[in-house]
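Colleague: Sharing a structure below in structure tokens format, with a few things to ask.
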Amino acid sequence: MPRKKIKNLQAPRGTYDILPENQIYWDKIRRVVKELGEDYGFLRIDTPIIEDTDLFIRGTGQTTDIVQKQMYSFKTLGGDSLTLRPEGTPGVIRAYIENGMINLLHPLKFYYFGPMFRYEHPQAGRYRQFYQFGFETIGGQEPVLDVQLIQLFLHILRDLGLKKINVQINSLGCPECRPAFRRALVDYYRSRKNKLCPNCQKRLKINPLRLLDCKEEKCQPVKASAPMSLDYLCSQCHNHFKSVLEFLDELEIPYFLNHQLVRGLDYYTKTVFEVWPESNQGPAENQDTKEPISLGGGGRYDNLVKRLGGKPTPAAGFAAGIERIISLIKQQGMKIPSKSNPKVFLVQLGELGQRKSMKLFEELHKAEIKVAESISKPSIKSQLKIADKIGVRFSLIVGQQEALDRSVIIRDMQSGVQETVPRDKVVKELKKRLSKK
Ligand code: HAM
């Protein structure tokens, strides 16, 4: 009978495995985010990976690329429409409203770390399942809070050892002043419609701010002279932004005023920012798309809480892409020290030896002596070979005889000298030997 060919199973397009050898990067980022985040007064929050589809339509915004074409949405058996979260902010705000946190002392500061899902065209630095860490400050409108987020983001990157990073910043105004800017933008672009790519022709109708985000060669000359949001800010937004820039100056944080920075999400008001790595020629670019790489971005979103059904509450935040940060760490040749290797290897022989050595393993662990073992291997030779490969200083050998005598052999791996010590003295003896250089 002809055998059916089984399709090779692979991770879905745009997803990948985080293999053990890469976990040191993840551990390090998790550690730095937690430690620094908590030093800056942020508390961890975890929200579900699935949420009501409506949350993102109302939160992220109906006209955004995310909602238009990137969401993994599905109907449950019960008939609800759920979506794998494409970003973290709407979920955090929903949790804030739903859990009645309005009654707590503000501003509230949260951080999160986890997977996000966007149905994007996979390429270097762009995945369909990717990871972000993010920070949100809810219930404060002061410019200093925007700056604190930028300061924290840079601090995290610095502690991860990254260099050559720059801040891109802009202000998008508020519902008072944005319409005038939007009108000016539409008027300007409408009269140049035939010079635009098909995508921008669509953007002109549904989301004119995104015209400034276009990377198509054809649209660049038009974009270069387009109206700038800063020229249309009302006095409140103007003063807010001025104050943000003054704080940055005070902190000696260099920034680039980027008039074309509009961000791809609908909820932003006032400050928006991104953090880009630099190459020698300017902003580092994605090899395939020639777009600048953004390690992360965010801004102020004073109307989102209200839009999602809460009381009017100003807020600001940012999120960073962990894959992109890891890729930069590797590119900049940074070494993250791996955890120290075990200094001791446990060798066992025979069933009795195996049983006794499991007990000994626990005892050594309790005494904070890091031990390696290969408990399933029967031969002493193969176990010692592994011990050698790991580079431990001592092997502890528990054979049938030692198990009966209540003793253990300590083998110095460098000299090969072996000594039998009573079982109840072994931990103490080992500690003594390990403390000697
Ligand atoms: P975002 O700009 O959409 O903002 O995403 C933030 C970062 O996530 C990006 O700068 C990038 O590093 C990473 N990222 C986004 N999409 C992908 C992808 N497909 N593959 C790999 N990395 C990706 C937000 O998500 C907002 N929630 C940020 C925010 C928080 N604003 C206010 N609070």
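Each residue, glycine too, has its Cβ placed from N, Cα and C.
Positions annotated as domain 'Aminoacyl-transfer RNA synthetases class-II family profile' by TrEMBL: 1-337. The L-histidine binding site annotation in TrEMBL covers Glu87, Gly88, Thr89, Arg118, Gln132, Glu136, Arg263, Tyr267, Tyr268.
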Colleague: Are there any residues at least 6 positions away along the chain from Gln132 (L-histidine binding site) with a Cβ closer than 8 Å to its Cβ? List them or say none.
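Modeller: Long-range Cβ contacts: Glu87, Gly88, Tyr112, Phe113, Gly114, Met116, Gly296, Ala319, Ala320, Gly321, Ile322.
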Colleague: Can you check which residues sit near Thr89 (L-histidine binding site), meaning Cβ under 8 Å from its Cβ, same chain, 6 or more apart in sequence, and list them in order?
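Modeller: For Thr89 (L-histidine binding site), the qualifying residues are Gly59, Thr60, Gly134, Glu136, Leu265, Tyr267, Tyr301, Leu304, Gly317, Ala319.
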Colleague: Pick from Glu87, Arg263, Tyr268: which of these binding-site residues has the biggest number of other Cβ atoms within 10 Å of its Cβ?
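Modeller: Max Cβ neighbours within 10 Å, all protein chains included: Tyr268.
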Colleague: Among Glu87, Gly88, Thr89, Arg118, Gln132, Glu136, Arg263, Tyr267, Tyr268, listed as contacts of L-histidine, what is the widest Cα spread in Å, to the nearest whole number?
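Modeller: In whole numbers, the farthest two Cα atoms are 21 Å apart.
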Colleague: Look up Tyr268 (L-histidine binding site) in the DSSP assignment and reduce it to helix, strand or coil.
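Modeller: The residue in question, Tyr268 (L-histidine binding site), is coil (DSSP, three-state).
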Colleague: Taking all residues of the domain 'Aminoacyl-transfer RNA synthetases class-II family profile' (1-337) together, what is their mean pLDDT?
Modeller: 95
Colleague: When DSSP is mapped onto helix/strand/coil, what comes out for Thr89 (L-histidine binding site)?
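Modeller: The three-state answer is helix.
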Colleague: DSSP secondary structure for Gln132 (L-histidine binding site), reduced to helix/strand/coil, please.
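Modeller: The three-state answer is strand.
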